[in-house]
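Everything below concerns the one structure shown next.
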C-alpha cells in the first residue's frame, strides 16, 4: 500500500474507440439537449407568464422542470465534449462536481415527485381544505426543502469521497457516478457505505412510501366518486405516475448495474440504459404534462400564438 499509486485523474472507459461514429452520436446528443432545453424552458416560461397557472400543482411542476434543466446541464455538455475528444480523462475535482450536480438532481427529482403526489392527494381527498393547506408559504417551503436537503446531503457525500485515496482510475461509465468512484478507493470506505445506506433509507421512507400511500388513497376515493372526479384524477395523475415510474426504473437499473455484472449486455444498450434516468424525464415530462394537462396545453398554444382565431 505504501508504494501504490494514488490517482487524481480518472478515465471514462465507456466511450471506447467509436471512430467516425462519434460525429453521429454527437449530433444525436446535441439535438436531444436542444430539445430538452427548448421544451423545459417553454413550459417554465408559460407557467411563469400565465397567471391562471399560478396554482400549487403548476408551481411544483415548474420546480420539477427547473431541476431537469439543472441535471441536464450536468450531463450533456460533458457528454458532447468527450464524444469528440480523443482522450476521456476527467479530473477528480470535475468528477466530484459532476457527481454533485447529477446526484443532487436525482434526489431533488424524488422529492419533487413526492411533493406533487402529496399535492394531488390533498386536492382530490380534501378539496375543501386544499387552499387552506397549500398556502404560498407551504409551497415555497416544500420547494426550498427539496433543494436544500439534496444540496446538503450531496455536500456530505462529496466530502466523504474526497478524503479517499484511489488505487484505480478506470470508470466503465459515460460520466462519473459515486458508487463506481468509491469502488476504486484503496482506503477505508465504511463511512461512505454507511452514509449511502442511511440516505437511501431516509429518501425511500420520505419520498417513495408517501407517494405510494398518496396514490392508494386517491384510488380509494376515486372508486367511490363521480365520473367527473375520476376524470379529473386521471388527467392530473397519469402524467405524474408515468414520470415517476420512468425515473424510478431508470434509477433502479443504475443501482443494479453498479452492483451486478452486466457485461453480457451490448455496450451501446448498457450505456443507453445507464443514462436513461437523466435523458428520458427531461425529454418526455414536458411533452406528457403539456399534452395531458389541458390548462398547460392551452397556455402553451396561447403563448406560441397557436390559438385558432374566432
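Count begins at 1; order follows the chain as displayed.
Every residue, even glycine, has its Cβ placed from backbone N, Cα and C.
What TrEMBL records for 23-46 (among others) is transmembrane segment.
Regional average pLDDT for the domain 'G-protein coupled receptors family 1 profile' (39-289) in the model is 87. Among the features that TrEMBL reports, domain 'G-protein coupled receptors family 1 profile' is placed at 39-289.
Positions annotated as transmembrane segment by TrEMBL: 58-85 (among others).
The annotation transmembrane segment is assigned in TrEMBL to 97-118 (among others).
According to TrEMBL, the transmembrane segment annotation covers 138-156 (among others). Counting residues 6+ beyond its ends, the transmembrane segment (138-156) has Cβ neighbours under 8 Å at 56, 59-60, 63, 67, 99-100, 103-105, 107-108, 111-112, 115, 195, 199 in the same chain.
Same-chain neighbours of the transmembrane segment (194-216): 107, 110-111, 113-114, 117-118, 120-121, 153, 156-157, 160, 178-179, 237, 241, 244, 248, counting only residues six or more beyond its ends whose CB sits under 8 Å from a CB of the stretch. Residues or ranges marked as transmembrane segment by TrEMBL: 194-216 (among others).
Under the heading transmembrane segment, TrEMBL lists 237-256 (among others).
Residues or ranges marked as transmembrane segment in TrEMBL: 268-291 (among others). Beyond the transmembrane segment (268-291), the same-chain residues lying 6 or more positions past its ends with a Cβ under 8 Å from any Cβ of the stretch are 14, 32, 35-36, 39-40, 42-43, 61, 64-65, 68-69, 71-72, 75, 79, 102, 105-106, 109, 173-175, 239, 242-243, 246-247, 250-251, 253-254, 257, 262, 297, 300.
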Contact set of the transmembrane segment (23-46) with the rest of its chain, CB cutoff 8 A exclusive, min separation 6+ beyond the ends, reads 53, 61-62, 65-66, 68-69, 72, 76-77, 79-80, 83-84, 279, 282-283, 285-287, 289-290, 296, 299-300, 303
